[in-house]
Amino acid sequence: MSLIPTLAERIARARGDLRMGLPMQIDGWLVAAAETLSETRLADLRALGQPVVTITARRAETLKARAYDGDLARVTLPENADLGWVRALADPSRDLMHPMKGPLFTERGGDTNPHKAALALTKSAQLLPAVVMVRADGSDGLTDLSAGPTLAQLAAESALAPVAAARLPLASAERSRLHIYRPDDGGEEHYAVEIGDPPRDAPVLTRLHSACFTGDVLGSLKCDCGPQLHAALDAMGRQGAGVLLYLNQEGRGIGLANKMRAYNLQNQGFDTVEANHRLGFEDDERDFRIGAALLRKLGFAKVRLMTNNPRKVAMLERQGIAVTERVPLVTARNRFNAGYLDTKAEKSGHLL
Ligand SMILES: Nc1nc2c(ncn2[C@@H]2O[C@H](COP(=O)(O)OP(=O)(O)OP(=O)(O)O)[C@@H](O)[C@H]2O)c(=O)[nH]1
Ligand SMILES: [Zn+2]
């Protein structure tokens, strides 16, 4: 029956639920995002059983909680802990000023897949990866998922469909077109700027750019994104041909709100990688398969890639796109971005 929501559609709903603070269900567990849960709903969850707060091993490491489960830890919610306690477990912004008083008791044994799926969902909803979970039957109205298929679906590549394209003259290249692609899983749309009319059988000058509202739009001095974006478009304009893929993976995939949380941690002295880890994320949560998929859709199999990030080269090659040349994209240093650029070079293997 085609009118019954598919798994991908139910996952998209679950993302919306978690963002609004509405619990959902996974394999007999009620799940709520720590960041959006209300006092009343926490009380209602508590009335149903003993809650655990599941966090990533990255966050557990900062909190010095034992992660018995590999990439996650299940912290028992103490009886006297309130919503503020749950938030503090999830959100590192007050770690230094008000360190959490331990010890934190973490669970071991049992099936951790529902917990894993819950964390993957909050990440894909661009929320802090921390959830309150209670083993209980929910009410009929809640979105209900099974862990295994949910994890598989979240790891799968989403199919992208072209939606619309139009001529768009740019300051750097008057002969340009903007193409919009929409994924089939309710996720973010991604864009391709095609400059000139690049032949499909030759390597095309390409930039794989990840969204950076602060750098691209506001001209932030904290990163190199804005200057890289414009340098890439200018180079394509000068050469008369190129493709700039604009992937809506703000903040290396953690979203703008979490990126601002990361900036606050950076202002406390942590570098860009440490800040992501303290928030519970990996250094880079982006899915670069999207870039390869867009190139294939546009008819390109070979690229001259403008990047300093060897992971982008490796990933495109793995996805069957030949990178015939890496074109460095070095922009000016300033006193606000020097630390960021150094960390990318030292910890993330960026070539300068
Ligand atoms: N989490 C996080 N994201 C950041 C920070 N600074 C910039 N970003 C994001 O990092 C991404 C940078 O993307 P790119 O410039 O495409 O990629 P790159 O890995 O730096 O590689 P290049 O191709 O060499 O530029 C964007 O999504 C920015 O929003 C930060 O301090 N923390
Ligand atoms: Zn940036």
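The backbone N, Cα and C atoms fix where each Cβ goes, glycine too.
TrEMBL annotates ARG207, LEU208, HIS209, SER210, ALA211, GLN228, GLU250, GLY251, ARG252, THR307, LYS312 as GTP-binding residues; of THR272, THR324, the candidate listed for that same site is THR272. Among the recorded positions ARG207, ASP284, ARG286, no residue is identified whose Cβ is positioned under 6 Å from ligand 1. Less than 8 angstroms from the CB of ARG286 (active site, nucleophile) sit SER210, LEU247, GLN249, ARG252, GLY253, each of them six or more residues away in the same chain. Long-range C-beta contacts of CYS223 (Zn(2+) binding site), restricted to its own chain and to partners at least six residues apart, with a cutoff below 8 Å, comprise CYS212, THR214, GLY215, ASN337, TYR340. CYS212 are the binding-site residues among ALA211, CYS212, ARG252 whose C-beta comes within less than 6 Å of an atom of ligand 2, given in sequence order. Counting other C-beta atoms within 10 Å of each candidate's C-beta, the binding-site residues ARG207, HIS209, ARG252 are led by ARG207.
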